[in-house]
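> Handing you this structure, nothing more for now.
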Amino acid sequence: MDRTLVLLKPDAVKRRLVGKIIERFEEKGLKIVAMKFMQMTKDQAKTHYSVHQNKPFFNDLVNYITSGPIVAMILEGAHAIEIVRLMSGATDGSKAQPGTIRGDYSMGIEKNIIHASDSLEAYNHEMPIFFSDNEIIEWAYGDEVIY
């Protein structure tokens with residue numbers, strides 16, 4: 001099974017969209033294997049966005065992602081990276097298709113609700129910034145209902 005890192009950014013948290021977004025992933029059949037509510041540090045943000053460090057918008061990215069709490073999670077499933085990217089929609093919310101997370105909840109590129117790893121290499125770079133291996137929980141869906 002493939003895994004991907006997803007960050008629900010400060011605007012998703014502030015707008016109370018976390019539950020709705022997680023529900024979409026679960027309904028699609030993706031499994032949460034790690035999740036935490038956290039405040040990203042500047043150092044974590046700089047490491048996370050290091051591929052953009054020489055771009056003019058780098059400091060804005062760092063300041064925005066550290067402006068409030070986020071939800072970090074690892075989702076697991078067949079083709080998880082590709083599926084989550086499709087579900088997320090275009091990076092610029094004003095260009096994202098309706099029915100995608102950004103298409104439904106974002107109006108622009110700056111506050112665009114969600115980050116999702118765009119490749120296995122990106123996941124391998126990003127995951128250790130937010131999770132240790134012992135925070136990833138291996139589990140299986142059960143068919144029985146437990147009360």
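Just so it is clear, glycine is given a Cβ too, placed from its N, Cα and C backbone atoms.
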> Given that Swiss-Prot assigns Lys9, Phe57, Thr91, Arg102, Asn112 to the ATP site, pick the one from Arg16, Arg85 that the record assigns to that site as well.
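My reading of Swiss-Prot gives Arg85 as the candidate in that site.
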> Can you tell which of the binding-site residues (Thr91, Asn112) has the fewest other C-beta atoms within 10 angstroms of its C-beta?
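Candidates: the binding-site residues Thr91, Asn112. Fewest Cβ atoms within 10 Å: Thr91.
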